[in-house]
């Protein structure tokens, strides 16, 4: 059973879960695990690992439109090197400070593989779920896409300094807060833009018609082999931690002024029928999201 | 560098950490990682694993004298079996329900070894730290000691049903709440009674004179080879998740009525000098805690 199937199985048992983070009495909590083999390519510094691991959980808080308050981490490794551990904590503390949250420590564990488990906390009285998108609304994304995909190529090339810098993304807490009053559906792009759009469309029972150009990061242009590869890295690869959201047309101009990063309108929420979606199994999912009129496949990074 | 040294190194960087849990604006948060090789012997059911892993974090909340509100977990394994996963979630949810907290899910991760990272949240306006013990106060422990040590022996013998039952401990949230108004120092016994006493004594700058008999669980009598082995399992092995605390003499009778489990007085807080402790390195730590007048070594389970 893959992770997605397993998560689906658990949805009935865990009514508070299922979105980017759980919300209990206004308290937001989300947890993740990253590890060497899949998440930290050769050349990733411990500072970057601390920043990125804690940042990934902060991104889930941002996706709920919540303020971030605190984060903790378990640092598990085959052995403990004082300098590496201090670097990790500095990275974790710095990413928290960048969003006005406090890194309050955690635990150490002896483990066969370098593994980091992070938990971030936040607060909101009015969380933005994935399920509120309505036809006619604008589909938007913060920042630029493909930075992590570009970083992986740079790690392979040995350009580790630039790759580490791209890996240390800014969790979109401030953007999420600014969007919270207007966005009708929101999640982060950690599974890739394409899968995020499908998940928002599915949760909201609608379709999405997206148009080029997408805001693909310029670092992707430096590493992509051709146009198809550029789209692959920008729209499917994921691990980017931007916010993907839907905003009513008449609130878009105002919210864009409040959001402290670029907010690019990439498309429009449509009725599912408008995309020729069938209610039968098979065709429906593929047709839920289109890019320039063609079906945008529901694939991407599976965590 | 071992975990204890590494944790000491980080203490300066993380002022909110260092106790059983961090406290930020009355919000308590604590995180742990458990895994197959070190924490779940052959025969441990996934239901027990879910109960125990989440329970370990709830125990840290209890040690602060806080109410528990919610918990999350990352379930990481080489593959996902639907029934195992459901059992794990049931165990996690049931231990939360037993202390009036909500299990709100978490994440799944693909990992070489079955690994669980748990985080528990709680609330308190007046956390009980480790540092408030004063000479003359009573040293107390909830429940009985050695259940996990006995369980390990039973797992080895193939008595898995009884072993699993012993492994599913009750996090002492209600006891911690009842003790919160009176206890001057408190932690859980997950590192073993001996080490817990040393840590409370060190944090509080005092000594502790403990007397037999200790409240060692009757399951230990069934598996111990002799008296020395019984003391080893009951006082040093740890992983028990009882509360070890200090309470002013004149509040002991009243607090004992409020605590819903047995609260055994095992000794008295004393001046460090009363135990003949020297201020020089070496002898001081060993002499900080005595059992029936002899030094109780500062050793136990290192997580």
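A Cβ is built for glycine as well, from the same backbone N, Cα and C atoms used for every other residue.
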Please pick, from A:126, A:188, A:191, the residue that TrEMBL records in the Mg(2+) 3 site together with A:20, A:60.
A:188
Of the ranges A:250-276, A:277-303, which one does TrEMBL list as region 'Disordered'?
A:277-303
Cβ neighbours of residue A:107 (Mg(2+) 1 binding site) where a neighbour is any other Cβ within 10 Å:
21
For residue A:239 (substrate binding site), what is the secondary structure state per DSSP, taken as helix, strand or coil?
coil
So which of these binding-site residues, A:31, A:107, A:130, A:190, A:191, get their C-beta under 8 angstroms from chain B?
A:31, A:107
Excluding near sequence neighbours, so keeping only residues 6 or more apart in the same chain, what lies with its CB under 8 A of residue A:106 (ATP binding site)?
A:72, A:73, A:74, A:75
Out of these binding-site residues, A:30, A:31, A:190, which one has the fewest other C-beta atoms within 10 Å of its own C-beta?
A:190
How big is the Cα-to-Cα gap, in Å, between residue A:31 (Mg(2+) 1 binding site) and residue A:130 (ATP binding site)?
18
Cα distance, residue A:30 (Mg(2+) 4 binding site) to residue A:239 (substrate binding site), nearest Å?
16
May I have the DSSP-based helix, strand and coil counts for the residues of the domain 'PurM-like N-terminal' (A:18-123)?
38 helix, 41 strand, 27 coil
